[in-house]
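Written below as structure tokens is the structure these notes are about.
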Amino acid sequence: MPGRAPLRTVPGALGAWLLGGLWAWTLCGLCSLGAVGAPRPCQAPQQWEGRQVMYQQSSGRNSRALLSYDGLNQRVRVLDERKALIPCKRLFEYILLYKDGVMFQIDQATKQCSKMTLTQPWDPLDIPQNSTFEDQYSIGGPQEQITVQEWSDRKSARSYETWIGIYTVKDCYPVQETFTINYSVILSTRFFDIQLGIKDPSVFTPPSTCQMAQLEKMSEDCSW
């Protein structure tokens, strides 16, 4: 998605985005401990809204967006944020409906709409149960620290990982997800300002202009 990364198998880019790009794209209570005291993946919240900053190696840019994540219904909405005036930069809204297998791209200014097929299956924004625990540490300084855990898809058969996820120990909120290929970062997404729940479920409903949507993705620059 214009938000999340490729599936944890790293592949073609959820550049269907999302969270484009999208798809870099979790939340519970204290991670439970196994019989030998080894940390276990926590359960991330399934419905929340927040903001994200996503870096894509292909473009060399950071993009900011508002994010609505509904894991229960397998849908995501990403709304590009304008933080500075960039000539010929178009802002879009992306609505990804995985149960229907479609993604809508809507121009925020004109409401022009594109409808595309989602070729990748739903990949929840969370810590897979077969993940490898890497580390636990604090972010910030005295009186302002947040304890997080770092997980990856590294296995004993190989020494490196292609996915790294950082989540808070308390409430299991996503902090950052990073995808790599051959030791190079291809996609990295940071999450912040998270609020539980979906304030307005209608954000997942495409506008009426999508009833006559074109079938090709719109360009992000001025080449209309």
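Cβ atoms are placed via backbone N, Cα and C, with glycine included.
Feature list (source: Swiss-Prot):
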type     : residues  : note
DISULFID : C42-C172  : disulfide bond
DISULFID : C88-C222  : disulfide bond
DISULFID : C113-C210 : disulfide bond
CARBOHYD : N130      : N-linked glycosylation site
CARBOHYD : N182      : N-linked glycosylation site
SIGNAL   : 1-37      : signal peptide
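Using CA atoms as reference points, the recorded positions C42, N130, C172 were checked against C113 (disulfide bond), and the closest is C172. A 10 Å cutoff on Cβ-Cβ distances gives N130 (N-linked glycosylation site) a total of 9 other Cβ atoms nearby, all chains included. Its Cβ placed at the centre, C113 (disulfide bond) has 22 other Cβ atoms within 10 Å.
Under the three-state DSSP scheme, C210 (disulfide bond) falls in the helix class. Cα of N182 (N-linked glycosylation site) to Cα of C210 (disulfide bond): a distance of 39 Å. The two recorded residues, C42 (disulfide bond) and N130 (N-linked glycosylation site), have Cα atoms 12 Å apart. Within 10 Å of the C-beta of C210 (disulfide bond) we count 19 further C-beta atoms, all protein chains included.
Of the recorded residues, N130 (N-linked glycosylation site) and C210 (disulfide bond) place their C-alpha atoms 39 Å from one another. On a Cα basis, C172 (disulfide bond) lies 36 Å away from C210 (disulfide bond).
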